[in-house]
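As recorded in TrEMBL, the features of this protein are as follows:
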- 162, 163, 164, 165, 166, 167, 168, 169: ATP binding site (BINDING)
- 68-723: domain 'Myosin motor' (DOMAIN)
- 973-1248: domain 'Dilute' (DOMAIN)
- 606-628: region 'Actin-binding' (REGION)
C-alpha cells in the first residue's frame, strides 16, 4: 500500500496557512502519480488547485474524525505537526481537557482557569492505577513515578519545563501534593506539610511578575522528596539553579521585582516591621521600575501572612526580615543628589560606617607599582557597584533561605529512595536575548539531549520486548550545538578567557566568536547587527546581544566594598533576627579571587543535575501556554506550535512516526476490525491467527508477542476500509428496507384496487336483485296478514278452555292442603311434650355429677395445704438447682403417693431464667469458648440466630439477680473486649450477635418504651437491679465499629471488580462499546496480576459476590434492615466508582457505553427484587449513575434537548454534566460529537442550580448506620444449649 493511494476523493489533507499554521481541505478528485496539482475544497467552500511538484510534496493527510481527540498523540495514525496541533486543539477547546500524552511526555496546556480536577477524590482515583487506565493527568505521571520507585527500587525524576506562564510551578506543586497525599508518614513531624509549605516561600523569594506571567519562576528548582523503606516521605532537599539576580536591580515595563519585596512593603505599618523603616513599594526605585506595583487579583498583604505562616511551620520566624536592606540599597543613586538619608538607614541596618560606604561606592583604590591611588568612579560604574552589591546580597539571602528550608525538611532517618521534581525554565527567545537566555537555552539543550536518548531507549526496549527486529531510527541529535557551546574553544571557553583580562570587553569577545566559530554551521553572524551572534538551537534560531555578557559573568564586587562589609557590626539587641545577619559575615569572609564566574558555577551545577537525572528514571511534563492574553481556553495555533517545536513533543512524534507508531493488542484489533473478516476467517479458531490472516490480506505489519505494530497511516487506511464496509452494509440495508417498503406500498395499493372493484361490481348486482326482493317482501306481508287472522281465532278458543280446566284443578288441590295442615298441628304438640320430659331427666343427672366433683376438689385442697407449704418455703430460699433436687429427694418420703402427680408439674413450671457460673476466671473461659466454638460453621448456630447473644444475656441476668456489680462489670468488659473481628465470616457472625445482645439489653431493661413490646412472661425476665444504659452505648459503638469493618472488607473485595464488570465487560453481545485507543502504555508500568483474559470480571461476577455477601448475612441472622443498609453502601460504592471512572476516562463516554451501563443497572435491579431489598432505598444510590448513562444516550443537539438534560439530570452536579458532555466520544463516524455551543447552552441552564460543584463522587462516603429495635419472641427459659459448645460449667437456674 503506497501512501499516494490514500489521496482519494473525500479524504482530507492539511495545507499550510499564514494565520492558522495549518488548515483542512477535502480532496475533490483522486490523485494519480504524475498530476501537477491536487484538487481541494476548503472548509469555507473555496475550491483551489494545490501544486504538487513531486510525490514528496503532497500535503499531509488528515486523520479520520474517529481518531481525533486521542489521549495519546502517538496513537494517531498520521503522525505529523498538523495532526498533533489539531488533536490538542480539539481536546483543549472542544473537550476542555488540558492534559494529553505524547508517548512518555505529558503535555499540559494552561487553561488560565481553576478546574475541579485536583481534589482529594481525584488523587485517590489515580492512586494505584496504571498509566493510561485513566485520562491523562499530572497525578497519573506522579503515580507512575511513585509506582516505579516502589516496584523497581530505582530513583525517579519528574522534569517539568515550559515557557514562562505555561504553568510549570503549578504542575510541580500538584505533583508534590500527590506524593504528600499517597505516602503519608506515620510520624508526628508533619513532613508532608513542610514539603508543601516550602512552595509559598520559594515562590515569594524566587517568583516575579513578567509580561508573560504574573507568577513566573525566575530560577530553576530541583526538589528531592526522600522516602524510607516503606515508601513514606521522611524529608526533602531542594537545589536551585540560575537565579535571575539582575531582576533585583532592573525590571522591564509591566514587570515587577520579586514578590517578597511587595509583600513586605504592604505590611510596612505592622508592628513587626516598624523597626525596618519600610515605605510603600512605589517609593523605591527597585520596585517601581516596571510601572504598576500591584497585580490584579493578588493581595500582597495576605500573601505575606501566608509566607510567614509557612515559615512558622518550617520553624523559622524571622528569616525574611533581612530583605528590607535591598530597598535602601536602591536609593544610593540619590547619593550624588541628596544628603544621603537613605544611605544612613542602610548603613545603620547593616552596622557599617556611613562615610566608608559612601566613599567606596563612589571611589576605587588602584594599586600601582610605587603607590596606591584612590580614583573617583564615573556615575555608571558607581551604579554598577551598587547593583552588584544588591545582587550579591539577594543571591546569598536566597541561598540562605533555601539552606534553612532544607534544614527544616531534613528528618533523622536513612533515605531509601527519592523522587525528584525539576521545575526548570523552558526554551526562551525574546526580542532582546542576553546572558540569562543563553544560560537557559544551554540548559535546555542538555535536557533535550537526555530526553532524546531516553525516548530512543524506550522505543528500543518496546521492540525487544515484542520480539520485533530493531532498525536504527534517524532522529535529531543536538550534540553539535552542545559542542559549539561547551567544547574546547567554544563559546564558554572564549567567554572565560576574555573575563580573565582586566580590560576585556564584550566586543572583543564577540570578535573572537566570529574568528573561531564563524565557519561552524550552527553559528551565524547577523546581517543587520555587529553586536550580536546567532545560534541554531534545537528549537529555533536565537540572536543574542553580546552587551553585558562579561559583566554578568564576572559579577564581582570591589575589594574596598568587601572590606567595608566585613566590618559590619549588627546590634543584637536591635534585631530579633540577629542570628540571620551572620550571613553578612559569611558572604564577605571570602576574597573576590576565590569566586567563580557565573557561567562556570552554572555549568558545574548543570553537570551535577544531569548526573542526577541520568541516575534516575525520568518522567516528562511539558507545559504549553495557549495564548499571550491569558484568556481561558483560547487556543493560538502559532504560539502553541512554537512551543511544541521547542519542548521536544514534535521530536517524539518524529521518532515514533519513523517506526511503528500505532500499536494495538490482538483483542482490540479483533473487536474493532472483525467486520473486515470473512466468515471463513472468523471460523479459523484462535483470534491471534485470525488477525494475522486478515492483515496478510490487507496491509503489511509487524507481528509482536502481545501487539500488532502498524506504520503511520495504516490504521487510517484500516478505518477507511472499515468505513467503506460499513457504508456498503448500510447501503445494502437501505436497499432492502426501501425495497420492502415499496413492496408493502404496492401490495396495499393492489389490495385497495381490488376492494374498489368489488364494491363497484357489488353495486351493479344489487340494483338487479332489489326489484325481485321488493316483490318477495310484498308477498311476505300479504301472506302474513292472512295467517295472523286464523291464528287469533284459534287463540281465543284455546284460552277459554284452559281457564275452566285450571279452576277445577285448583279447587281440588286446596282441599288436600287443609287436611295436611291439621295433621301437622297434632304432631307438634306431641313432640314438644316428649322433649321436655327428657331434658328434666338429664338435668338431674348433671347436678349429681357436679356435686361429687366439687367434694373431691375440696378434699385435695385441704391435703395440699397441710403437706406442701413447708416444702415450698425451702424451695424459695434455695438458689442452686442441686440443692432443690436434694431437698426434693429428702422430703418426698413425706408426700403421699396420691399428690405426686400434682407436685412434679409445678416444679417443672418454675423453669430456668438465667445461667450461673461461680469462678471469676470462667468469664474469660465463657468468652473464649463462645468465640472459638460458636464459629459460623455449626448447624445449631445456623438454626438459632443470636444463640451467643442469648447465652451472654442469660449470664448478665444472673449477675443482676445476685446484685453483684463487680461480676456484671467484668462480664460486660469481657464481652466487649473478647469479640473477634478477624475475617468476613466472623464479622458477619458477631455483627448479628452484637445486634441481638443490644436488643436483649433494651428489651429486658425494664424501661416502659421497650417493655410494651414484651409478653407478660417476657416482662418477668427483665433486669431488676442495674441500669445498663451506659453499657448499651458502649456496645452500640462496638456494633458500629464492627459494621464499618464489615463494610470495609466487602468493599475491598468488590472494588477491583466494579470497573471491569460495569464498564469494560461487554454484557450486550454484538455491541462493542469501546473504541481501541492504541495507547502505548509503558512496559515497566504494568504488573502482571496473574489473571488470564478469560477470567475477566463481568456483571455476573459482581452478582455472585453480592449473593455470597447476602447469603452469609442471612445465614448468621443479620437483621433484614441491617442487610439493606450494607447492600445500600455497596451499591453506592458501585455507583461512585463507576461514575468517577466515566468522568476520568474519555473513552468511556459514548452512546453504546451508556446502553451497556443501563443494562448492568437493570441486572442489579433484578437482583434487588429477587432478594426483596427494593424497599431499602438501595436504588436511590444508583441515581447519578443511571442519569449519567441516560445522558450518554440522549440526543444532544437542540434547545429542547438541553432543557431536558437540565431537568432530568438533577442528581448530577453541573460540573459532572459539563464534563460528560465535553468528554463524549463517538465510537463510529456515524455518530456526532457534542457541539461546544450546545455545551454552553447547558451550562447557562445549570448556572442557577444550587448544590455541590465537586467533579468526583466521594467513594469513601459512609451512610449513617442505624440499629433498629426489634423485640425478640424467643422464650429465654426454653433456650437449649448444645453439648458441643462445652459449656458444662454453666448451671441452669
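Every residue gets a Cβ built from N, Cα and C, even glycine.
Any TrEMBL annotation is an automated prediction that lacks curation.
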Distant-in-sequence Cβ neighbours of residue 166 (ATP binding site), under 8 Å, six or more positions away: 108, 110, 213, 426, 623, 624, 625, 643
Cβ-centroid neighbours of ATP site 162, 163, 164, 165, 166, 167, 168, 169, 8 Å, sequence order: 110, 213, 216, 217, 426, 623, 625
For residue 162 (ATP binding site), nearby residues of its own chain (Cβ under 8 Å, 6 or more apart in sequence): 108, 168, 426, 622, 623, 624, 625, 643, 647
Cβ-Cβ distance under 8 Å to residue 167 (ATP binding site), same chain, at least six residues away: 108, 110, 623, 625
Chain-internal residues near residue 164 (ATP binding site), provided their CB is under 8 angstroms and they sit 6+ positions away: 210, 212, 213, 216, 217, 425, 426, 428, 625
Residue 163 (ATP binding site) CB neighbourhood, other CB atoms within 10 A: 24
Stretch-averaged pLDDT - the region 'Actin-binding' (606-628): 90
Counts by DSSP class (helix H/G/I, strand E/B, coil) across the region 'Actin-binding' (606-628): 9 helix, 8 strand, 6 coil
Among 165, 168, 169, which are binding-site residues, the residue with the most C-beta atoms within 10 angstroms of its C-beta: 168
